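Working notes for the structure below.
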Amino acid sequence: MKEWAMTTQLSPAAGPHSPSAAAPHDPSAASPHSPRRISYPWHLRLAWLLALVGGVVAYVTTFAIMLLTSNPTMLPTVLLVGAAVIPLTVLLLAQSTAAGPLAPGRIVLVTAAAGGLFGICAAGLEESLAGVALGRASILLVGVIEETAKLVVPLIVLALAHRVTRGGGIVIGIASATGFAVLETMGYGFDALLARNGGLGALDATLVLRGILVPAGHVAWTGAVCAALWYLVETSHSGRGALALGAAYVGAIVMHTAWDATSGVVLHVGIGVVSVAVLLWLILAAHRAHVRRPAPSAAGPRLGSAPLARTA
């Protein structure tokens, strides 16, 4: 009997190191509702800057080699690098926050590839059909066609992977627009090369000009629409979310149509300034929200647990 009592008193279950014992408070331990405090490596936070510098160097190098060697097999490389530098830079800028990536990298890559391929094929087919039916007036439908085509893949991502892309609508939209813009710019560059008064000079001018204008066009417009789309799904104010989505979608179509239908420098500059300003504001807002969002539990969500609550 005494042995049993001693065993009970010395049992690990009642010891100071047992799980049931009150553990001392660790101030460094993050609560489930505390902001993220992840130390994100500097080279990942500044990946956009590395991509910009490295991309410019790569483009100048490949273009110079093509000129020096007169090697036509370098043309696809020049087209791809020249068309991708600026869109990729903006995509990495949106993706990289102080607390880690805004959305899973694999989803972003798939969105860029699938969104670009589907968007360029669907838009090309629909614009050709509209051209046959409406002639020159079909230019008024280009904005509607392209802005809608770029949203198909992001809508699929929203339906299948919203939980892991929560708050990342801006980067998903930029990814889809990046794929579209790269393929479109490559096409325009190749067309400039083969034009009657074209050549390598026209190719270079087209790639550089369209690259500079990308943040003021496809990237900004689709990014804004997808940011509003994710906001509609996540906010508790459905009316406000629907209004934001409608304004973003109509605004993107109007600016796209105005850009294509006119050649006025003042109008293009105005559209570009507004588009870039909205894009930067949305990126900064998404980054701040991502940093403030509570850190996920180490154990992760339980199977069958309730979905994430909508935010105001």
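Using the three backbone atoms N, Cα and C, a Cβ is placed for every residue, glycine included.
Under the heading compositional bias 'Polar residues', TrEMBL lists 1-10.
Annotation comment: TrEMBL describes 11-32 as compositional bias 'Low complexity'.
The region 'Disordered' annotation in TrEMBL covers 1-32.
Listed by sequence, the residues of this chain that lie at least six past the ends of the transmembrane segment (46-68) yet keep a Cβ under 8 A from its Cβ atoms are 74-75, 77-78, 81-82, 84-86, 88-93, 95-96, 200, 204, 207. The feature transmembrane segment is assigned by TrEMBL to 46-68 (among others).
According to TrEMBL, the transmembrane segment annotation covers 74-94 (among others). For the transmembrane segment (74-94), the list of distant contacts is 47-49, 51-52, 55-56, 58-59, 62-63, 65-66, 102, 108, 112, 170-171, 174-175, 177-178, 181-183, 185-186, 189-190, 193, 203-204, 207-208, 210-212, 214-215, 219, 223, 279, 283, 286: same-chain residues at least six beyond its ends, Cβ to Cβ under 8 Å.
Residues annotated as transmembrane segment in TrEMBL: 106-125 (among others).
Summarising the annotation, TrEMBL assigns transmembrane segment to 137-161 (among others). Tertiary neighbourhood of the transmembrane segment (137-161): same-chain residues 104, 107, 111, 114-115, 118-119, 122-123, 126-127, 130-131, 169, 172-173, 176-177, 180, 218, 221-222, 225-226, 229-230, 233, 249, 252-257, 260-261, selected by CB-CB distance under 8 Å and a gap of 6+ residues from either end.
Residues annotated as transmembrane segment in TrEMBL: 168-188 (among others).
Residues or ranges marked as transmembrane segment in TrEMBL: 208-233 (among others).
As annotated by TrEMBL, transmembrane segment applies to 242-259 (among others).
TrEMBL lists 265-284 (among others) with the feature transmembrane segment.
Counting residues 6+ beyond its ends, the transmembrane segment (106-125) has Cβ neighbours under 8 Å at 91, 95, 142, 145-146, 149-150, 152-154, 157, 161, 164-165, 171-172, 175-184, 187 in the same chain. Cβ atoms under 8 Å from those of the transmembrane segment (265-284) belong to residues 90, 93-94, 170, 213, 215-217, 219-221, 223-224, 227, 255, 258-259 of the same chain, restricted to positions at least 6 beyond its ends. Within its own chain, the transmembrane segment (242-259) is flanked in space by residues 139-140, 142-144, 146-147, 217, 221-222, 224-225, 227-229, 231-232, 267-268, 271, 274-275, which lie at least six positions past its ends and keep a Cβ under 8 Å from the stretch.
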